[in-house]
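Q: The annotation Zn(2+) 1 binding site is assigned in Swiss-Prot to CYS146, CYS149, CYS199, CYS202 on the grounds of sequence analysis. Annotated Zn(2+) 2 binding site per Swiss-Prot: CYS163, CYS166, CYS185, CYS188, in sequence order. As annotated by Swiss-Prot, domain 'J' applies to 4-69, with the evidence given as sequence analysis. The repeat 'CXXCXGXG motif' annotation in Swiss-Prot covers 146-153, 163-170, 185-192, 199-206. Sequence annotations record features per position, and here Swiss-Prot assigns zinc finger to 133-211 based on sequence analysis.
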Amino acid sequence: MKADFYETLGVQKGADEKELKSAFRKLAMQFHPDRNPGDHSCEHKFKEINEAYETLKDPQKRAAYDRFGHAAFEQGGMNGGAQGFGAGGFADIFEDIFGDMMGGRQRRSSGGRERGADLRYNMEISLEEAFAGKTAQIRVPASISCTECSGSGAKPGTQPVTCSMCHGHGKVRATQGFFSIERTCPQCQGRGQTIKDPCPKCAGQGRVTEERSLSVNIPAGIEDGTRIRLANEGEAGLRGGPSGDLYIFLAVKPHEFFQRDGADLYCKVPISMTTAALGGSFEVTTLDGTQTKVKVPEGTQNGRQFRLKGKGMPVLRQPNVGDLYIQTAVETPQNLSRRQRELLEEFEQLSSQDNSPQSSGFFARMKDFFESFGER
């Protein structure tokens, strides 16, 4: 027994168009076969969701369903009502709800023209490239307008003809009793025209697939996850329709030395125990390639931060520049020689509370705490 369409979508019987669309969108994204490859249960659920939405979004079909239930669409009822998802099924639903990849509707015109699909290209760049910016050359396989037929899909010297089934409307109406249902024309798939003599090069599609070389400008300061849109560089439209867009999704590779937080950079630099105690300096190479000296005052503690103003990342399309923060990591000596050990032991004997105020004060406070706790 078929499940109730309202229960399938998880909505109340009085749900409005907005609630239906929201419920369908959520469930369709969850159970779409592309997200669940090989899962036949999800594929079956996906078909149920589509059937339910296809019925309830149409006022006439919904009225019939509310009155007669599933019987309205069985043989002898409303012939062909909500059954199947060929013409006017999956494609029409997802064109209505989701549009193409980036949300632009793939629209048909009365002349059979369709907007081309948007394309996605993933690009990985280094932090240095994100810092300086670059112009990248990419090769993208995509459909382009057929030069043989100029995108019409018809054999040169011929023209598309008006569809004999829908007479150019792209829709056909089926009447059963007092019910009337309008569906996408199965002969022209809603285009209103058919091609009697298709172009031999593109097989009537009006476009062919080729690999194109494109130049992509990546501005300085670009961040990980940024999307760049190249208008009209996506798939060519069908039969002379407008092209889709190309979206470049950028990923900035992790750096060996620098971590990024917005426009600021962070770097951890190891220094020796003697440099931390006696003071000194070290040099760091910043992303612009320059050497910058960092002075270490005597008595520098582990984790101390030094700020190099204006040595971070440029802010995208602004004159501002972030800062570079250097954090010291005091390295404890290992594999000591006998003489080194003797010197450190001698240093320990000569040390006072003034040399290590934090550790000395900490242990003194800890001792006092437990002594006072024991007296209670």
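Cβ from N, Cα, C; glycine included.
Note that the structure is predicted; figures quoted are calculated from it, not measured.
Map the listed features onto the structure and describe their local environment.
A: Counting only residues at least six positions away in the same chain, the Cβ atoms of GLY153, CYS199, LYS201, CYS202, GLN205, GLY206, ARG207, VAL208 sit under 8 Å from the Cβ of CYS146 (Zn(2+) 1 binding site).
CYS188 (Zn(2+) 2 binding site) carries neither a helix nor a strand DSSP state and counts as coil.
The average pLDDT computed over the repeat 'CXXCXGXG motif' (146-153) stands at 85.
Here the repeat 'CXXCXGXG motif' (163-170) is broken down by DSSP into helix, strand and coil counts: 0 helix, 0 strand, 8 coil.
With DSSP states grouped into helix (H, G, I), strand (E, B) and coil, the repeat 'CXXCXGXG motif' (199-206) comes out at 0 helix, 0 strand, 8 coil.
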Q: I'd like to know if the repeat 'CXXCXGXG motif' (146-153) touches the repeat 'CXXCXGXG motif' (163-170) in this structure, counting it as a touch only when three or more C-beta pairs sit under 8 Å and are separated by 6 or more positions.
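A: These two segments do not touch.
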Q: Can you count helix, strand and coil residues in the repeat 'CXXCXGXG motif' (146-153) using DSSP?
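A: Output for the repeat 'CXXCXGXG motif' (146-153) reads 0 helix, 0 strand, 8 coil.
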Q: Let's see if you can do this one: DSSP helix, strand and coil counts over the domain 'J' (4-69), in that order.
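A: Reading the DSSP string over the domain 'J' (4-69) gives 48 helix, 0 strand, 18 coil.
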Q: Cβ within 8 Å of the Zn(2+) 1 site's Cβ centroid: which residues qualify beyond CYS146, CYS149, CYS199, CYS202?
A: THR147, GLU148, SER150, GLY151, SER152, GLY153, ALA154, PRO198, PRO200, LYS201, ALA203, GLY204, GLN205, GLY206, ARG207, VAL208
Q: Within 8 Å of the Cβ centre of CYS163, CYS166, CYS185, CYS188, which other residues of the chain have their Cβ, at the recorded Zn(2+) 2 site?
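A: Neighbours within 8 Å of the Cβ centroid, excluding CYS163, CYS166, CYS185, CYS188: SER164, MET165, HIS167, GLY168, HIS169, GLY170, LYS171, VAL172, PRO186, GLN187, GLN189, GLY190, ARG191, GLY192, GLN193, THR194.
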